[in-house]
Amino acid sequence: MIPGNRMLMVILLCQVLLGGTNHASLIPETGRKKVAELQGQAGSGRRSAQSHELLRGFETTLLQMFGLRRRPQPSKSAVIPSYMLDLYRLQSGEEEERSLQEISLQYPERSASRANTVRSFHHEEHLESVPGPSEAPRIRFVFNLSSVPDNEVISSEELRLYREQVEEPSAAWERGFHRINIYEVMKPLSERSQAITRLLDTRLVHHNVTRWETFDVSPAVIRWTKDKQPNHGLVIEVTHLHQAQTHQGKHVRISRSLPQGHGGDWAQLRPLLVTFGHDGRGHALTRRARRSPKHHGSRKNKKNCRRHALYVDFSDVGWNDWIVAPPGYQAFYCHGDCPFPLADHLNSTNHAIVQTLVNSVNSSIPKACCVPTELSAISMLYLDEYDKVVLKNYQEMVVEGCGCR
């Protein structure tokens with residue numbers, strides 16, 4: 001994994017080169033004079049061309065860290081699924097500030113335990129009826145997974161379907177059930193043969209409930225991504241027990257045109273395929289408690305090595321159009337002296353103590369340096385270059401502790 005302090009360098013230098021006027025949140029007080037001097041020296045046309053090339057290089061470095069081929073340019077029609085926002089809040093600990101009614105899902109511990117990347121996909125709008133052995137309607141829909149990188153190993157996948165209750169006067173109806181079956185299309189329908197499908201998951205659910213249902217479709221998606229088998233889509237079949245044919249399939253929301261209420265909510269209620277994968281870099285997603293600020297006791301000499309505040313605001317560098325959350329984060333940085341003799345609170349190594357001792361008698365040997373000794377990860381929710389929503393864990397992004405090394 002590329003060290004987190006490299007990303008901080010990229011962000012800081014991009015801010016300088018962009019020539020923004022508001023550095024309050026991004027540049028610490030002690031660094032503003034140097035930034036102003038750099039900007040003052042940047043008046044020539046030659047500097048403008050050089051800074052443009054540097055900016056492109058820095059942005060390329062950042063995009064490589066994110067695993068992106070190019071800078072995302074989100075379309076106005078891009079939709080952020082509520083599920084992904086809730087998953088981000090649960091994963092980052094923000095649900096502690098929200099009521100249980102606002103976040104109505106449980107964190108998928110099992111799926112996330114082997115993944116550092118979560119991706120969401122909406123199905124393509126074109127739907128197709130697929131004949132089956134029963135009279136229950138079977139609808140085929142396709143998810144385009146071509147944006148999943150080759151180096152990302154998919155470990156589990158879930159299909160989320162929204163179903164609404166259908167009001168009926170019969171008491172027997174309210175006590176009834178219906179079954180939802182999910183199939184993988186192994187061979188599509190053709191003029192010469194019927195479609196061949198295999199059952200992936202099934203669920204018996206109560207009629208009189210409105211909620212999201214989750215189905216395990218891992219075998220199909222792993223075949224498509226890892227084994228490079230053809231993706232012919234999925235089929236949904238809804239069978240209502242002891243129900244008239246006119247009501248078959250009315251519960252599950254898979255099409256914009258279905259005669260259901262809340263038509264304007266289609267963007268949030270349409271089927272959603274969620275993949276959990278790992279790109280081989282960093283640790284898996286883990287549900288974290290909300291990070292509380294560390295309070296360091298007052299030190300006699302504030303010039304010594306310690307942690308300083310550094311808030312990275314993505315809007316300052318123009319990346320807030322594709323980074324959904326967080327809007328920024330407290331990255332911190334390490335700065336200060338490592339004087340002889342090194343005190344215990346400076347978190348030094350034996351080598352740093354020896355180096356500082358030698359420096360006290362031979363100034364040609366440099367002092368120990370104030371550097372991060374503990375770094376933590378952050379989670380980011382963003383739109384990639386294909387307008388797909390991604391939740392990813394990035395290591396070594398926040399300084400938790402400093403020391404002389």
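Just so it is clear, glycine is given a Cβ too, placed from its N, Cα and C backbone atoms.
Candidates considered were C338, C369, C402. The record in Swiss-Prot pairs C404 in a disulfide bond with C338. Reviewing C334, C369, the cysteine that Swiss-Prot connects to C402 via a disulfide bond turns out to be C334.
Listed in Swiss-Prot as the disulfide partner of C305, from the options C14, C370, is C370. Listed in sequence order, the recorded positions from N144, N362, C402 having a Cα within 10 Å of the Cα of N347 (N-linked glycosylation site) are C402. C402 (disulfide bond) falls within a strand segment according to DSSP. Geometry remark: N362 (N-linked glycosylation site) versus C338 (disulfide bond), CA distance 15 Å.
Between the candidate disulfide-bonded residues, C305, C370, the densest Cβ environment within 10 Å is the one around C305. It is 7 Å from the Cα atom of C402 (disulfide bond) to that of C370 (disulfide bond). With respect to their backbone Cα atoms, C370 (disulfide bond) and N144 (N-linked glycosylation site) stand 48 Å from each other. Of the candidate recorded positions, N144, N208, C305, C334, the one lying closest to C404 (disulfide bond) when CA atoms are compared is C305.
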